[in-house]
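A short worksheet on the structure shown next.
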Amino acid sequence: MRVSSSLIALAALAVQALALPVNELAERDTGLDVKLIPIGNTRVKAIITNNADHEMSFVKYNTLFDSSPVRKVQISKDGSIVPFNGMRLYYDINNLPKEAYKTLAPGASAEAEFDIAETSDLSAGGSFEISAEGSIPVIDGQGTKPTGSIRFKANVLTMDIDGEMASKVASAIPELDKRTRVDGQTCTGQYAQLLQGGLRNCVTYAQRAAQAASGGNAQKFQEYFKTTSQQARQSVARRFQAIAQECSSANQGRTIYFCQDIYRNCQRGLIAYTIPARSHVVNCPDYWRLPPVVNRGLDPDHGYVVVHEFTHATSIFSPGTVDHAYGYEQCRRLNAQQSLSNADNYSLFAADVTRN
């Protein structure tokens, strides 16, 4: 991580915080139905229906109903997954604003349309398979925090795509002028000081997590990654070592860090996002509202978020992670394969072995 001279100031005094207990979130298979419909060469409509007998609100962020260029579907051609070129975002599941949710009465539906060519190169044309499955956090009734999550699996679409038409669809991620490793235009003043502190905190998290992964308590590793195999432990350790190196490098690195929303994709409740295809990491306004340092528990602080985002960056360690789940209670329900590829499992593990 290259840091311009304006960033070499001492970090602001860190605010210490204590984490609160995380609510238990139940997971179920019924309640929401998701259907995909092709409506154009590369355009898709998603319909979500509340099949429960009560009102339900679901999180829109990082789902088919997110207006940001997140991964809404998986695209494959001839058995191979088409690379995703959009953004991977981070939010604190226990502190989302009302607008992060969509409320549905019993039997009601909501629709969203999107163009899959905005975040994937489909210029090869031909037959593509489009699928979507995962888990959506929900609120049953009139609450303000998720009460559970619902697994879903939509129908699979087979779309015959005109490659020339697809190539004319504008990317959802605009090109930027070349920037320094830590962007000097957006990382100034207090932003620069706080980010410098977050990067130092990231080094501590990543170094201790690397040590714990390679030679620490096997039960603790099992808690977060659902395996104790040496191959998995060494792979996790290597990812953390690569992150520690990226966070500690003052003059060189593989990512570009923006302290403000240069792509204009932030929404209330979003903390940061990464564009792996560009090796760009962007902090949202809510990042700066987090405590710079949390000393106990598993709540996010600045360094926690940096670790989360850097696990997404394929330029730091490949393959990059995705976002199957957020928060301890959701992340611990993932299987081993999902846990090893989920960004928040890494941040949670790093926070646990460092703070507790």
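Placement of Cβ uses the backbone N, Cα and C atoms for every residue, glycine included.
Since we're looking at a predicted model, the values are computed, not measured.
Take the Zn(2+) site that Swiss-Prot assigns to H308, H312: the candidate from D299, D323 listed for it is D323. Annotation in Swiss-Prot places C266 in a disulphide bond whose other cysteine, of C259, C284, is C284. Of the listed cysteines (C187, C202), only C187 is recorded by Swiss-Prot as the disulfide partner of C259. Taking Cα separation as the measure, C266 (disulfide bond) is nearest to E309 of the recorded positions H308, E309, H312, D323. In this structure the C-alpha atoms belonging to C284 (disulfide bond) and C259 (disulfide bond) are separated by 7 Å.
Across the fold, the C-alpha of H308 (Zn(2+) binding site) and the C-alpha of C187 (disulfide bond) stand 19 Å from each other. Residue pair D323 (Zn(2+) binding site) / C187 (disulfide bond) shows a Cα separation of 26 Å.
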